Every structure is written in C-alpha cells, then in structure tokens.
Amino acid sequence: MINLELIEKKIKDLTNQLNEANYEYYVKSNPKLTDQQYDALLKELLVLEKKFPQFTLPYSPTLKIGGFVEKKFSTVKHTSAMMSLANAFNLKELKAFYDRIAKKFSSFSMVSELKIDGVAVSLKYKKGILFQALTRGNGVWGEEITKNVQTIKQVPLKLTQPLDLEVRGEIYLSNSSFQKLNQQRKIAQQPLFSNPRNAASGTIRQLNSSIVAQRNLSIFIYSIQNPYLLKSTQEETLTFLASLGFSVNPYYKCSSSFEELEIKIQELEKLQQNLDYNTDGVVVKINELNLHDSIGKTTKSPKWAIAYKFATKNSESVVQEIIFQVGRSGMLTPVCKIIPVMVDGSLVSKVVLHNYDYICKKDIRLKDYVQVHKAGSVIPEIKEVIKSKRPSDSKPFAMITQCPSCHSLLNKNKGEVDYFCINKNCLEQKIQKLIHFVSKNAMDIDTLGNQTLITFFNQKLIENPSDIYLLKNNLDVLQKINGFGAKKVQNILTSVEKSKNKSLENVLFGLGIKHVGLKVSQVLTKHFDSIEILQKTTLENLESIKSIPEIGEKIALSLQKYFQNPLHLEEITKLKQLGVSFKSTTTSQIKAPNFFTNKKVVLTGSLQNYTRSQIKKLLIQKGAIINDALSSQTHLLITGANPGSKLQKAKTLNIQIIEEKELEELIQEK
C-alpha cells in the first residue's frame, strides 16, 4: 500500500531542493548541483506530480517548464501607479536635479543603479508565494502575465520569508539569448526580432507559457511597494530584496556629492559596455527613503529619482522630405523622412522635428546628410547636420503657410513656437480627435482602427465621438461597405457598447481637453466621481481645482475654458444620452458638506501625525481650498509645531486658528 504521507513529503523535499538549486545557479551564480543531477531530480519530481497532482505545491519548479495556454490576458488595476521616470540627457540636467534636492535638504545621499533596457513588471506575493504578475500597461492598469513570469528561472516562486509584499523590476533578454533566439527564428524562416528589448516584450506577452520558458528571459528586482517593509535607505532595500531570494543587479553605487555622483556614473557607463545585457542609462535615486514623500512627485514621475541617459551611437542618413502632421488640437508637427537606416538595433525612416524653430536652430535642409541617434535610447532624433556634405544648391527650409489638410492659413501666437490650423472644421483634426477618443487609454474601442475610422468618416457615418454610439442605427449601410461583413460589423458594435462603461478617467482623457492627459485625468477622478461635479466645481469654484496637488492654474484654466464652450457641453450631453457613464469606477472621495466645505485654508508649522501632502489631500477631499498665503479672505489657519509668522498675522486678521488635535476631530466628523 502506498504511503501518501511519504509521497507528499518527498514532493515537498524535491521542490525545496530544486528551488534552492535554481537560486544558487541563476541568482548567486554558484551552482551546487551538476546539470545531470538537477535534471534527474526534476524528472523524478515531474513523475511524482503527474501521479499525485494533489500534492503539487504552488511554488513547484516544474511551473518553470511552462505549458499553460491563455486565451487572452486579463487586465488588472495596479495597487499603486507604475510611474515613469523623468530623464536627464546630460550632466547639466542631472546637476539641476541634484541642486533642486540640495536646496531642500542639507544632507542626503544617492544610489545609482543601472537602467536595464527591458520590460517593467510588478510581482505580488502572499505568505511568500508568488500569486500575481502584471505588466506596466498604462501605469494604472496592467495585463496579468503570472503563468509566463513563473517560467523565468530567476523569479523565486517562494520567498525565504512568508511575507505579503509587492515588488517591481525589469524583465530582460540577455544579448547571448537574443542572438540564439534570432538564429532559431532564421532557421525556421520566422521574422527576426530587431533588438533584445522587443524580443523580451514580445515574449512576455505570449499566450503559450511553454514558448516563454524556452526563451530564457531574466529579471532584476529593484523596489518594494509595501511601506511597512521599507528599510531606511534604497541601498538597504536592495540588500533586503536579495535576502528574500530576488535577483538584484549588483552594480549599484552610492554617492553623497555631485562630484562623486559624476565619477560613479562614469564607472557604471564603462562597466556596462562589457555586460551581456543592454542598459540605457543610470537611475539616480535619493537613498534616504524618508525624504521621498517630502520631495514629492508629478502626475507622471517621482521627483526623488531621475534617469540619466547614456550617449547613444550615431548613424548617418539623408533628409528626403519634411512633411507636417496635423494633430487633434490643430497643432502642426514637422516630420523628417530619411533614407531608412539602422539606429541602435532598429530601422528608422522618420524623425519627428518638434517645430519650425527646431528646424531653423539645427538648420535642417532637404538633401542634407545627418547624424541620427536615439534620444534616451528610445526616440530617433537628428543629432547634427553634416554641413561638409551639404549640396551647393541647398536652401534653408521654408515654413509652409497653409494647413496640409484643409489649406486654411496657419496661425502662430506671439511668444509661442508652434503653428496651428485654427479651422475647427479641418478634416484631419476631426479624424485625429476620433482616433484619440477610441484609443487604448481612452475608450479602448480596438475594433475601430485608424483606417476604419477614416472609412466611416469619409462615408459620413462618424464626425463627432457621439456618432460612434449611433453606428448601430446604420447597420445596413455598414454591411454594404467593402470589407465589412456581418461578423466584423457586429464585433465593432460589441466593442462600442462595451466602451460605455469605461471609467471617468478614460472618458475625460478621451475628450481631449488641453493639458488633461491620462495622469491628470486620474488625479481629477480621485476628487470628483462624475463629470457633473467636476464641471460644476470648475465653473463655480475654480480655486478648489487649482489647489489640488499636481493640477495647478494652467490645467484648471484649461478645464474652465473647455466647460465654458457650449459645443463641448452639447457633445457631453449627447454622449450621456447615448449611454456613456461618465462615472468613476472607484469609490467617491467627495464628501457631503462639512466644516471644511469651501473654506480657504492655510497651513503653518509641522504636524505630528501627517505630512504636508497627506493633510492637503485630506482637506481637499473634505472640500477645502488650500492656499499658501494668508489674506483677509482666509477662513482658517491650521498650526503645527514651530509655526511661522503666519500665526501672528492670523491673529491680527482675526482668522480662526485650530491645532492638530482639533483638526483631527473635525476631519473625523461626518
């Protein structure tokens, strides 16, 4: 008779032994088992798990073999946004970052980590067991790729401690694995990947995890998201991550002055040239984690870190043509067509030139020979014109005077660099607005691709976003269009119907309000759970919009201008009548009228239980308007330890003053 207890113990012992061997081999580069010994133990475990699947552990190393096939990836909201980093393309910009921190803090240090050229990922563990892995996605929502990540040898399926935590890192493909993969694809007559990053990105989104397992992806982990697990410094955090079993890039350096930082970066730049994986710079972080909250963040990136980009290699090409693209706002963007050339591993045939002033400053002309590189190792850019090769009949490039779409005269405001087509009936502007409205981060109607939208626009089926939701009334017309059968049309209508339930942040972004990108939309929907409340507050109490951290005057005025336009209000009304929700999917943070509603509040001194940003957020959620300076219009002064001159001024102006204890009581009132 089979002893099931012994079988269960054997499976557990083999699992632990093999996981330990994986850690020794892939993370510590110090294998204790030979390949033959490892393979024999793995084969034994596979046989036992097949016969007794009830004893298979959720962190079994057999998961790294793959075999699970997804139909599609589900989308999951990140616990906290996966933000991008601001860039420094030279030492001057890096020095500006350093000086900004040095003005605020007399003593701090920095950690410089290699910026791995890969794919950002978030890993979540429960009681030390990996249970979820997400791509970065748009920073707020990511795709679940757990089965694929389980196949990566360096990812611990079980930590050395039974912790609940979330970590973030970068998945990458080594250069040697990339070359091997492309050799295999060449033999199989499959398209080759242009560079290791694209190969890693394409691999991690494979629906079949067996394919992922074969491609030998790697990973480095660099941060913990759980505040209660944070150490005092980033340096200590990296050491802690390594102790949990994570693969941490060993090439990080600490510095306490800008001069020292410069030296460390030079060392890292020299070192990375001999590595078997690609990097595109160094991430400089303030080492002391307790300073991060005070330093703050923008809607897009933390202010306590910056990505310093290494200089990239140049490739030579020739300017063939300069064309102008019309955006949804009417702004014209010049694009340079060049003879296709390989730049940092990918073929480049077009380079964005930003604006006409940029063309003049660089003196870019037709038929010029130019040096092309990738700014930040990502965006193709003309680094310089090779004037020694310029043709003798060359002439400076002359700005066009008419819109390339509608031929209206262009407009340029005094003091600005951009040219605009101000014809609101410009067809290209309307098409670009529709393309933006259906885009992934807006309404995400993926069945309405650019060409389909243009076809429907030319057929006069769609002119404004609201017309998209009337397509179902034109079923017969749609099915008569060449290439649009009943099934394709039904797929479009299904996607359109589904989009009606998109969150307010997506709809706001889709409306294309000037200065209101996805990040700003997300900030606004944390404070307003419907378009009606946002509109009413914008028109009646603009100061409360301005006082929201990360919004400010420019965005507030842009919102005001948008909601004052009757055509915009008419379009919003149509969209609502056609079923678009305009509601936040998160719980409303707007409170019922209370003590703080519409009160102008000023803060002074240090609070014991709140940081300045925390208390500002709480007060704004209560409906308060936060001001920096006291005036006769101020309703309330909140004081903490070591208040400044504002306290005496408030007494002189007879402004109500409350301390932290009373503040907490008022905040807790319903």
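Every residue, even glycine, has its Cβ placed from backbone N, Cα and C.
Not measured: the values here are computed from a predicted model.
The NAD(+) binding site annotation in Swiss-Prot covers ASP35, GLN36, GLN37, TYR38, ASP39, SER84, LEU85, GLU113, ARG136, GLU170, LYS285, LYS309. The active site, N6-AMP-lysine intermediate annotation in Swiss-Prot covers LYS115, and the record cites sequence analysis as its basis. The Zn(2+) binding site feature in Swiss-Prot is assigned to CYS403, CYS406, CYS421, CYS426; the stated evidence is sequence analysis. Residues annotated as domain 'BRCT' in Swiss-Prot: 591-670.
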Per-state residue totals over the domain 'BRCT' (591-670) - DSSP helix, strand, coil: 26 helix, 17 strand, 37 coil
Rounded to the nearest Å - Cα separation of ASP35 (NAD(+) binding site) and CYS426 (Zn(2+) binding site): 66
Integer Cα-Cα distance in angstrom, CYS426 (Zn(2+) binding site) to the residue listed as 'active site, N6-AMP-lysine intermediate': 43
NAD(+) binding residues ASP35, GLN36, GLN37, TYR38, ASP39, SER84, LEU85, GLU113, ARG136, GLU170, LYS285, LYS309: largest Cα-Cα distance, in Å and rounded to whole number: 44
Among LYS115, ARG136, LYS285, the one of these recorded positions whose Cβ has the fewest neighbouring Cβ atoms within 10 Å: ARG136
C-alpha spacing of CYS421 (Zn(2+) binding site) relative to ARG136 (NAD(+) binding site), in angstrom: 36
Spatially closest candidate among GLN37, ASP39, LEU85, LYS115, LYS285, the listed recorded positions, to CYS403 (Zn(2+) binding site) (Cα to Cα): LEU85
Nearest of the recorded positions (ASP39, LYS115, LYS285) to CYS406 (Zn(2+) binding site) - Cα to Cα: LYS115
Integer Cα-Cα distance in angstrom, LYS115 (active site, N6-AMP-lysine intermediate) to LEU85 (NAD(+) binding site): 11
Whole-number mean of pLDDT values that fall within the domain 'BRCT' (591-670): 83
Assigned conformation of LYS285 (NAD(+) binding site) - DSSP reduced to three states: strand
Distance [Cα-Cα, Å, rounded] between LEU85 (NAD(+) binding site) and CYS421 (Zn(2+) binding site): 33
For ASP39 (NAD(+) binding site), nearby residues of its own chain (Cβ under 8 Å, 6 or more apart in sequence): none
Cβ-Cβ neighbours of CYS421 (Zn(2+) binding site) (radius 10 Å): 25
C-alpha spacing of LYS285 (NAD(+) binding site) relative to CYS421 (Zn(2+) binding site), in angstrom: 42
Helix, strand or coil at LYS115 (active site, N6-AMP-lysine intermediate) [DSSP, three-state]: strand
